[in-house]
Number of protein chains: 2
Amino acid sequence: MSIRYPNGKAYIPKQNDRNKVSKKNSISYGNRGMSLEEDINISNEYYLAKGIAVIHKKPTPLQIVKVDYPKRSAAVIKEAYFQQASTTDYNGVFKGKYIDFEAKETKNKTSFPLKNFHKHQIEHMGQVLSQQGICFALLRFSTIDEVYLLDAEHLCSFWYKQEHDRKSIPKSEIEALGHAIGNGLYPRIDYLSVVENIYFVH
Amino acid sequence: MSIRYPNGKAYIPKQNDRNKVSKKNSISYGNRGMSLEEDINISNEYYLAKGIAVIHKKPTPLQIVKVDYPKRSAAVIKEAYFQQASTTDYNGVFKGKYIDFEAKETKNKTSFPLKNFHKHQIEHMGQVLSQQGICFALLRFSTIDEVYLLDAEHLCSFWYKQEHDRKSIPKSEIEALGHAIGNGLYPRIDYLSVVENIYFVH
């Protein structure tokens, strides 16, 4: 489903937005069919319950235009629009350090399209890096079920080069510069084990 | 304006939500009439522009019930409800450290009502403290225009005691345990100077 903003930009509703509207779409068979977002949310719940980290997905930003305030019942938003996020979707704290990341998936098998990240997110990542925050992207190749952590510095570098270079990151580069994250049951995507190995000195 | 949730809980729209709906309410005369939220947002923009810190307010969480996807135009949310946030409103990174806080104001002059904080927020603050994050509340006494930073540990302690004790924190306690934040022009509420003095060893 592709929708157009008044500015002519296409809006493709996220798996998550559609689930909010109709639960019918969220039936899953094991790990197959689970969106990356759902898997990360479940992993974050695990981390929270075990006291490992406090990481949440930010709510989708909406522009509210019209609200009804009926007597003796809840305020109802009658007109609102999806807004483009000015930051990444996930942030929180792990062992005192600030963690910030974006998660995206592609059906491609050999490269990751850079159009998955927009300018504001890339700028935000640069700002977080300047503040010595830990910042990265989780990239899933959904058809082959592989997830990689790629540090924001590499991602931003590819993103800024795309005008004169490739519009996607070759998978071979992601394998070389990033870190594979194994799939598990608890947590589903144990990205913090990888974060600990990369960013924390032992 | 007081609205009731289906669960019978009153919903009082925030200054910010009302502004989104009608800009008529947001006329301000100097600092008077500026909500604490607006002042903090402006301070955060200043910190971001100066490369001092990356701190954002999280979007208001909404439960989306109905979305229209008209052809050739933007998706329109036709029915949605305000949800209670499960975390604090602000977080981000300052010198590599995770910063997390809630901002509230009262018209009272001698004490700060604890009903401004709900259970999920207090629990979230406890979780952040366990992860060695920097966590606090910014409390404004709006009629006398004084703002204090109170560490989450003190706030949580008062909150959990309220069942058998006072339902508000006496201002004298906030003065003794907290830290006054001066009002300025740039930034309006320079809470990070205070954070640096309290939490960072020089």
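Positions of Cβ are set from backbone N, Cα and C atoms, glycine also.
Pulled from TrEMBL:
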- A:Thr87, A:Asp89, A:Glu102, A:Gln121: Mg(2+) binding site (BINDING)
- A:Lys104: site 'Transition state stabilizer' (SITE)
Spatial neighbours, same chain, of A:Thr87 (Mg(2+) binding site) - Cβ under 8 Å, 6+ residues apart: A:Lys58, A:Asp100, A:His120, A:Gln121, A:His124
Cβ contacts of A:Asp89 (Mg(2+) binding site) (under 8 Å, same chain, 6 or more positions away): A:Glu37, A:Lys57, A:Lys58, A:Phe101, A:Glu102, A:Ala103
Shell of the Mg(2+) site beyond A:Thr87, A:Asp89, A:Glu102, A:Gln121, same chain only (C-beta within 8 angstroms of their C-beta centre): A:Lys58, A:Ala85, A:Thr88, A:Tyr90, A:Asp100, A:Phe101, A:His124, A:Met125
Subset of A:Thr87, A:Asp89, A:Glu102, A:Gln121 (binding-site residues) with C-beta under 8 Å from chain B: A:Thr87
Protein Cβ atoms within 10 Å of A:Lys104 (site 'Transition state stabilizer'), excluding its own: 17
Reduced DSSP assignment, A:Gln121 (Mg(2+) binding site): helix
A:Gln121 (Mg(2+) binding site) CB neighbourhood, other CB atoms within 10 A: 23
Secondary structure at A:Asp89 (Mg(2+) binding site), reduced by DSSP to three states: coil
